[in-house]
Amino acid sequence: VHLTDAEKAAVSGLWSKVNVDEIGGEALGRLLVVYPWTQRFFDSFGDLSSPSAVMSNPKVKAHGKKVLNSFSEGLKHLDNLKGTFSSLSELHCDKLHVDPENFKLLGNVIVVVLAHHLGKDFTPAAQAAFQKVVAGVATALAHKYH
């Protein structure tokens, strides 16, 4: 991902304010509520029958935390996202058969959750920078698909 120095500063500065555990669960939960067809990849997570069930589901929260920790790792390697996410791309492609479009959906949900949590600090310029980052991560995760 090509970010200007100002964009990199905005991303790292705002990310330092983020509670990854909280935001991860909320982002994955919102993905499953807003795009219910994505639930098919999470059959083992138990009750996903309603928005409140999804948002309070401990397995959703735990996996969301894991997802956002990986995203956080990617922020440290913006110049090599494909390398950083290579094994996750392979897992999601070959073993889990996740539609790569879902990575874009999750990226957009992450941006919504960041806006919600960061409020006025999440300026249009900051959003533009994060949109570049989530698009880059989605592309990297889709890299192993044929």
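Including glycine, each Cβ sits where the backbone N, Cα and C put it.
Copied from Swiss-Prot, the annotated features are:
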MOD_RES   VAL1  N-acetylvaline
DOMAIN    2-146  domain 'Globin'
MOD_RES   LYS59  N6-acetyllysine
BINDING   HIS63, HIS92  heme b binding site
MOD_RES   LYS82  N6-acetyllysine
MOD_RES   CYS93  S-nitrosocysteine
MOD_RES   LYS144  N6-acetyllysine
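The DSSP secondary structure for VAL1 (N-acetylvaline) is coil.
In this structure, HIS63 (heme b binding site) is part of a helix by DSSP. HIS63 (heme b binding site) sits 25 Å from the residue listed as 'N-acetylvaline', taking the Cα positions as reference. You'll find the Cα of LYS59 (N6-acetyllysine) roughly 31 Å from the Cα of the residue listed as 'N-acetylvaline'. Around LYS59 (N6-acetyllysine), taking its Cβ as the centre, 15 other Cβ atoms fall within 10 Å, counting all chains.
HIS63 (heme b binding site) is surrounded by 17 other CB atoms, counting those within 10 A of its CB over all protein chains shown.
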